[in-house]
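Per Swiss-Prot, the features are as follows:
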type: DISULFID; residues: CYS78-CYS169; note: disulfide bond
type: CARBOHYD; residues: ASN80; note: N-linked glycosylation site
type: SIGNAL; residues: 1-18; note: signal peptide
Amino acid sequence: MKTLLLTIGFSLIAILQAQDTPALGKDTVAVSGKWYLKAMTADQEVPEKPDSVTPMILKAQKGGNLEAKITMLTNGQCQNITVVLHKTSEPGKYTAYEGQRVVFIQPSPVRDHYILYCEGELHGRQIRMAKLLGRDPEQSQEALEDFREFSRAKGLNQEILELAQSETCSPGGQ
């Protein structure tokens with residue numbers, strides 16, 4: 001379960017590099033701060049989806065790395081996740097978990113939104129996940145539609161899970 005939660009948390013931090021949109025450049029400061037996880041999908045069924053999530057905090061580190069922190073309520077348990085994304089030579093591309101996961105950070109064409117994308121192993125099989133992040137907790141239909149188009153283009157499941165937001169994690173409640 002911890003591996004699954006780490007994979008979900010890790011993928012919440014990643015954003016895929018879209019073909020027509022420029023990738024996140026050397027300046028990781030633009031993505032630093034508080035982000036709300038709006039939606040997620042994957043290329044296969046994810047067994048334990050979060051019931052609710054707190055805002056994600058992204059923090060720029062030395063050398064262009066990023067630290068991400070988020071708390072998810074899954075099966076009545078609060079899971080605090082902290083992941084360091086290590087910058088690579090490719091703009092917008094990071095690795096985590098000693099290179100076992102690849103993360104792309106891509107701005108959405110919709111203002112104050114990013115699309116998160118992660119590729120890596122989960123329970124012995126490869127999985128690809130995408131997430132929609134926004135600065136505001138309110139859902140943007142335009143950003144959600146862009147996320148759907150992105151997911152379709154990447155061959156991900158078209159069943160988009162919209163996530164409940166919570167400022168704090170309370171086991172047994174949202």
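Cβ coordinates are placed from backbone N, Cα and C, and glycine is handled just like the others.
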Work through the disulfide-bonded residues one by one (CYS78, CYS169) and point out the residue whose CB has the fewest other CB atoms within 10 angstroms.
CYS78
At the level of the C-alpha atoms, what whole-angstrom distance separates the residue listed as 'N-linked glycosylation site' and CYS169 (disulfide bond)?
9
Among all protein chains shown, how many Cβ atoms are found within 10 Å of the Cβ of the residue listed as 'N-linked glycosylation site', not counting that one?
12
What kind of secondary structure is CYS169 (disulfide bond) part of, going by DSSP in three states?
coil
